[in-house]
Amino acid sequence: MASLRTGLRVAQPLRASARNFATRPSIRSSVRHYSSPAPGSPPPPQPSSSSSTSKVLLTSVAIAAAAGGAFLAFGRDDKVSILGVGANGANKFQGSKGSVGPATTSAHSKADYQAVYNAIAEQLEANPDYDDGSYGPVLVRLAWHASGTYDKNSNTGGSNGATMRFAPESEHGANAGLGAARDFMEKIHQKFPWITYSDLWTLGGVAAIQELGGPKIPWRPGRKDATADKCTPDGRLPDGDKGPDHLRYIFYKMGFNDQEIVALSGAHALGRCHTDRSGFDGPWTFAPTSFTNEYFNLLMNEKWNIRKWNGPPQFEDKSTKSLMMLMTDMALVQDPSFKKHVQRYAKSEDEFFNDFRSAYAKLLELGVPAENFKAFETKLDGGKPFEFATSAEQENAN
């Protein structure tokens, strides 16, 4: 529905294309998580509790490190969770024995959370030298990775906990480059120490989607931070070089169906892959800082060939050889159950936005006990989740 779209979308082409695409601001960060070892295709009966992560030594960290530089560099800095000091010294420690203190958020109103949203939105383009100029896509990736670890069979993982602050989860291959994303959010947390990291990271994902032109995402507060012993095992996030069976294996454990898998894959409208993180290279679309249905249009209408290079298997567009698709992306048009939804979303951005809105809101609440949200029911809009005004909407209202 058109009413779900938000704010102004400023067009700024990423590069010349051989086709007449509607372009929007460009970005360079990878939105998804294709480097963590995961079960192959077809999936095994039981997931591995850990693919490659060994025990790590406790490490002291610098508090409130500045976000900047090589935002997604996969090096030493990415293997350290940068943690700030919350209320009463909470969240000071990093490592396998780290501990956190509870943050009190039930007393805060929608206006308080809107202020947090605004602070995030104001900093999305704070560093024009970072990749293609926006932190938005990497915040979507952070929210995704913090939430997509949920396993409904064991009822573990998910957005409740923000355990990526600690090793070994911070060192999982799928989380390469996200240390700086956490650093970005740490600066926001310093301004609003009352909000839990779990709520902050998911709210950041909401702000990024909306500010980049996507639909309004309903959101509820109530997530609680956890300690390092609650870190999820490696291998719970999708691997980009797999097929449809792997996608179903990963997403079904979270509780998603085929339609929701395709809708959530539409987040690949944003960002790009990097060889020094996932091993893959390039953006999915010509305007990777704009949330649109162009990802699905390209899947359906562009000709894709296997790229000849020294990296892992991926596809490139025939027209310009500047775009890429992963094996998991192509699986969406190779599998009939997935393809029918790709076709729908390619034809109608409104349908895509409506379905993505629901699936993404569901993703951001995975693993959160129902009682956590009940404490906030009196603060919600008539008992309904919050929907936040975009920067453009607030400017137009003044």
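Every residue gets a Cβ built from N, Cα and C, even glycine.
Among the residue ranges 217-240, 265-288, the one that Swiss-Prot annotates as region 'Disordered' is 217-240. Using a 10 Å radius centred on the Cβ of His145 (active site, proton acceptor) and all shown protein chains, the other Cβ atoms total 24. His268 (heme b binding site) is 6 Å away from Trp284 (active site, tryptophan radical intermediate) when you measure Cα to Cα.
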